[in-house]
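According to TrEMBL, the protein has these features:
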| type | residues | note |
| --- | --- | --- |
| DOMAIN | 64-157 | domain 'Pirin N-terminal' |
| DOMAIN | 210-314 | domain 'Pirin C-terminal' |
Amino acid sequence: MRASIYRNFLFRLHPTTTAKACKITNHTRNIMSESDQSTGFSTPRLVTKKVLAKLQHEGEGAVVRRSIGRSELKFLDPFLMLDDFSVSPPAGFPDHPHRGFETVTYMLQGGITHQDFAGHKGTIHTGDVQWMTAGRGIIHSEMPAGEGEQKGLQLWINLSSQDKMIEPGYQELLSDDIKTAEKDGVEVRIIAGKSMGMQSPVYTRTPTMYLDFTMKPRAQMNQSIPESWNGFVYIIEGEGVFGKPTSSPVTAHHVLVLGPGDGLSVWNRSSKPLRFVLIAGQPINEPVVQYGPFVMNTQAEIDQTIEDYHYSKNGFEMAKYWRSQ
């Protein structure tokens with residue numbers, strides 16, 4: 001998606017607290033219910049790192065808040081990048097290539113029209129998901145589908161060495177087809193993985209959980225996460241307490257990296273709704289060599305990919321002739 005990453009690449013190719021207040025605070029803590037204090041896990045996952053997603057320009061006139069993929073959080077195996085994007089016509093993400101990983105685009109507002117050099121074309125709207133496997137090679141464009149601001153999240157997920165050169169593919173999930181569940185003031189949309197007894201139909205080559213939670217004020221939730229997986233939270237709106245009940249609240253546009261454990265607990269102690277995505281995946285534990293939109297295991301494979309793209313071969317055969325409309 002990120003055309004500005006590619007320009008250089010393509011160019012090369014061609015006050016004080018009173019004692020009384022302290023007593024009130026302590027009393028409040030003492031009368032909190034046992035469920036409000038409990039994490040429900042033998043080893044609760046705690047926040048080990050907090051990164052603010054900062055605004056930067058990408059593509060042609062688009063703006064993103066990047067969290068994973070910044071210098072502060074370069075990589076969280078198997079996740080390569082997370083962008084919270086905002087784009088209005090005529091800006092967008094024109095023709096660009098990918099190889100060696102998957103992109104997951106989740107629309108929060110408006111729509112994005114996608115087309116690629118294999119003839120695939122479609123538009124996803126608010127609440128829809130496109131799960132694209134770039135595999136051995138894709139060239140595509142992603143452009144706003146309507147007037148005004150179009151917003152969404154795009155996640156890059158690495159592929160293992162055995163899957164990097166598979167044929168490209170797509171899974172598209174309409175909003176109405178995404179399973180939802182609700183309990184005790186907590187609603188979840190299950191994009192991938194399982195929550196509240198509901199399982200997403202999405203197949204993930206790299207085992208992945210992708211859950212969109214909305215919590216009403218004063219709600220608490222517990223979500224199991226496979227112990228061997230890496231996980232993080234990205235806060236879309238509101239503020240919440242993550243990991244343990246004594247943690248400080250964290251506000252929107254922060255990524256929270258989670259430490260080891262078997263699950264995450266969250267509390268919304270504010271007067272407004274809290275919305276966040278919880279994403280986790282099985283680490284691949286292989287070397288990562290990235291050159292813009294190409295992610296392989298060795299520098300030699302990157303060099304070969306650049307050659308393949310430049311000479312329109314080994315998965316990029318259509319690159320010489322195709323332009324998006």
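Cβ atoms here come from the backbone N, Cα and C positions, even for glycine.
Here the domain 'Pirin C-terminal' (210-314) has a mean pLDDT of 97 out of 100. Assigned with DSSP, the residues of the domain 'Pirin C-terminal' (210-314) fall into helix, strand and coil as follows: 12 helix, 49 strand, 44 coil.
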